[in-house]
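Per Swiss-Prot, these features apply:
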type: DOMAIN; residues: 26-191; note: domain 'FAD-binding PCMH-type'
type: ACT_SITE; residues: 170; note: active site
type: ACT_SITE; residues: 220; note: active site, proton donor
type: ACT_SITE; residues: 290; note: active site
């Protein structure tokens, strides 16, 4: 069986689609094939066909913390945003990989469950958030994840415990082994619904005030080096507001790179490399990217 056979069976598969339509940066080249599975069964079929036909496979969630190079991606790209069910039982919330982190956090809040307030403004998907152990305002996914259901590249379903996920700062096991996150279950604490929602609305207001939400952006680009803060280093190095092509280090929040109009992925990457070079020269600190960079050069 081949990919186009699955298309005939009703799986949503497109060809030669610009990924800039889906990324938060509004940049990125074309996907050779692009699929939007609507069920775990469809994901399993797609993975099996790519394995049997030796087709390269790339998994994407909400594409919020992602830069796709201008040459695009060969093989099949699966976007999981149509897998978005969120279920609540007792003190646990289970969300599909494509469910938005924000929607999951607010669903928990409306059920009077506390623990995901930190995630109220994180724009990514559950799969991506678990993949990178996303965090904000002092909280991280690893603090609330109870278990993660995955599909291995070999086609096996597994469930990992929190410990087995090997979470660390902006890292998890699935970054290393290539397993595909299908859903995650969060263990939360009963609380006062109105107080939880008030705190989430406060954090969202703070985010809008501090972050350049008015421009396309992939969020915070760099991991925080131990003992240092990226934003102040960029400001002191005279790099805030620096622009390469259409990509600019935000004048509102140093360390966020925004698309001021017409930016390419190459603009983003050239600006990232410039910032890394200058920070290394001035502070002898290596800045590592938090944002995921994939695809091929044009």
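Note that the numbers count up from 1, one per residue, in the order the chain is shown.
Yeah, the Cβs are placed from backbone N, Cα and C, and that goes for glycine too.
Under the three-state DSSP scheme, residue 290 (active site) falls in the coil class. The Cβ neighbour count for residue 290 (active site), using a 10 Å radius over every protein chain in view, is 19. A separation of roughly 12 Å, to the nearest angstrom, links the Cα atoms of residue 170 (active site) and residue 220 (active site, proton donor). Secondary structure from DSSP puts residue 170 (active site) in coil. Counting every protein chain shown, the number of other Cβ atoms lying within 10 Å of the Cβ of residue 220 (active site, proton donor) is 20. Across the structure, the residue listed as 'active site, proton donor' and residue 290 (active site) place their CA atoms 7 angstrom apart.
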